[in-house]
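**Q** Sharing a structure with you now.
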Amino acid sequence: MSSSVRLLLIVALLYTNSWAKTVKETLRITWEEGAPNGQARELIYTNGQFPGPPLIWDEGDDVEVTVWNEMAKNVTVHWHGLDQKDSPWSDGTPGLSQRPIQPGQSFVYKFKASPPGNHWYHSHEKMSLVDGLYGAIHIRPKEDRTGLWSQISQDKEDIKAMEKAARDPEYLVVSDWSQYTSEEYWKMSTDSGLLVFCLDSILVNGKGEVYCPGQEFLQKELAPGLVQDAFPPGTEVSDKGCFPADLDQVQGGPWNITKRPDLIPPRVQEGCVASKHENETIVVDPHRNNGWVSMHIVAAATIAQIAFSVDSHEFWLYEIDGNYVNPKKFVSAVMSAGETFSIMMKLDQEPGRYTMRVPNSGASQVLGAFAEMVYEGHERAEKSGRAYLSYGGNPTSPDVEKNSFFPWQLDTDHMSPWPANKPRPGKADEEHLLVLGRVGAPYKYTMNTKYLYPVDFQNNDPLLFYPDATCGTENDGLVLRTKNGSWVDLILQVSTLPGDTSSFEHFMHKHGSKTWRIGFGTGVWNYTSVEEAIQERPQDFNLETPGLRDTWITAFSIGGEAYWSVFRYYVDNPGPWLFHCHIELHLMGGMGIAILDGVDAWPEHIPEEYRLD
């Protein structure tokens, strides 16, 4: 071999290894007492911290994460937003890709770090997300994104600075929090016959407080029009900002069960007890990266819909669910449970301390929360700046509302992918109508009219290894099957089931692939095909610039009006993927379905280490 050829081979090998290094991580999951909001309870720690540590990789890395379960209960870890191409056994979903990790046991997840962007990891065993197993993931892209940043600024120095800032973001894991564990919380609903969803705090990076501003203040903080449109006249929230637990507008029905609100433990719905604790502080340097800072925000909420703003600071939203979007400038944004946002902010205000506001903006509860953004060197400055959001998540002025991102409003939620990426037009190869709602009780949920997805569905015989296990059984109603290389439309109908005509929003997440939302409208879906609906209601569809995400809000039906959404995706990732609501109470109640994508190209060469006995 000539020296020149040898040199070329060495260079090629070095280049390949620079993008395909093996990264090994270890996560030790423990169950310990903590007090993230100043009030003690038991929770999940990851490597001795809560939330778990951010995991930072480069696009294309071969990742190996060993998870040790040192708790007395089962666990799995799902890598939310990662496509798991050619590694469906590492998705972390019990009953689909693996058996749960038993106490004292370990499991090694192996996958490619893909796609680039900001994602997160979390537990997927029952409702244990409520207990604190979650953390941020950042996959740095191979290529720079000059074309993305040039939409924000044409200045070459700004473009370089934004690229650097995006590769080293601040991480904000925003979660809701209750004084009760997930098992205790679920027991409240089954004992009382009511869906209970009152919280104590919202945390930023595991830090927060319990605020008790008083019932009169909270009543004034209700979203304008909410009580008038959705609840009986005179409805009042409690001193925790919660609606009465037994309201028909909240619980639906009538159901053939006995409602026992007296079995809801004290201090869940009312009886606020304040606790002073520590709020998160993010220190930023206006002299670094030409004054640009990027923030990776994870909505690790289990119930709440999180709003976000920083006093006096505008920001550019440039990434949703790990997918780059054509940037738009806002002063506040609302995130649904399960979503990730990445924002770019110019530190161009008077150096000082500014309040970050992260209230619940949904209709479930009036609940505020705060953190701080501090310009480096001004930690002792007085707080300053204009507030864009109130304690209850309401815009503080009409111009704030005009410049805010609301996922339930299609005119503001028009965040098209960058670079351009649109679905195939015309008729899909497959269509599946899924009817979402409650059946039989306020806390029992379905995605296909009647079947409830059990939390232990196929735990012993995961569908990756036994894809035909449900054939010929009633459980097959919990499974959809698609063919590889096909275009699929998922039609979601909400608020049509008996007793569930005032349905709250659902935050629908699909594992294994992102989907385009190509249509949205009110009423009952009574079309023979999506193609027919497009012809009759072209104003309700967008196949040119639809958003592309893995988590979508279905919207909120006020006054009992039915509505539907259409999501389209391409099947190129064979495997068993869960499609479910990311509100933990809804998933625990049955709102999930298994989609076996590419059954005609099912993974056959499963690594020996993942094969079941």
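Any Cβ shown, glycine's included, is placed from N, Cα and C.
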**Q** Swiss-Prot has HIS80, HIS122 binding Cu cation 2. Which one of HIS582, HIS586, HIS605 is in the same site?
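**A** Swiss-Prot lists HIS80, HIS122 binding Cu cation 2, and from HIS582, HIS586, HIS605 it also lists HIS582.
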**Q** Which candidate from HIS432, HIS511 does Swiss-Prot annotate alongside HIS124, HIS580 at the Cu cation 3 binding site?
**A** HIS511
**Q** Taking DSSP states H, G and I as helix and E and B as strand, how many residues of the domain 'Plastocyanin-like 1' (29-142) are helix, strand and coil?
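**A** Helix (H, G, I), strand (E, B), coil: 7 helix, 54 strand, 53 coil.
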**Q** Over the span of the domain 'Plastocyanin-like 3' (468-598), count residues by DSSP class, listing helix, strand and coil in order.
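**A** The domain 'Plastocyanin-like 3' (468-598) comes out at 20 helix, 50 strand, 61 coil.
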**Q** For ASN74 (N-linked glycosylation site), which of the binding-site residues HIS80, HIS122, HIS506, HIS582 has the nearest Cα in space?
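**A** Checked the binding-site residues HIS80, HIS122, HIS506, HIS582; minimum Cα distance to ASN74 (N-linked glycosylation site) goes to HIS122.
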**Q** Could you check which of these recorded positions, HIS78, ASN256, HIS509, sit within 10 Å of HIS122 (Cu cation 2 binding site), going Cα to Cα?
**A** HIS78
**Q** Write down the Cα-Cα distance for ASN484 (N-linked glycosylation site) and HIS580 (Cu cation 3 binding site), rounded and given in Å.
**A** 21
**Q** With ASN526 (N-linked glycosylation site) as the reference Cα, tell me which of the binding-site residues HIS80, HIS511, HIS586 is the closest one.
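**A** Closest recorded candidate to ASN526 (N-linked glycosylation site) by Cα: HIS586.
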**Q** Tell me which of the binding-site residues HIS80, HIS506, HIS586 ends up closest to ASN256 (N-linked glycosylation site) in space, Cα to Cα.
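**A** So, of the listed binding-site residues, the one sitting closest to ASN256 (N-linked glycosylation site) is HIS586.
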**Q** Is any of the recorded positions HIS78, ASN279, ASN484, HIS506, HIS511 within 10 Å of HIS582 (Cu cation 2 binding site) (Cα-Cα), and if so, which, in sequence order?
**A** HIS506
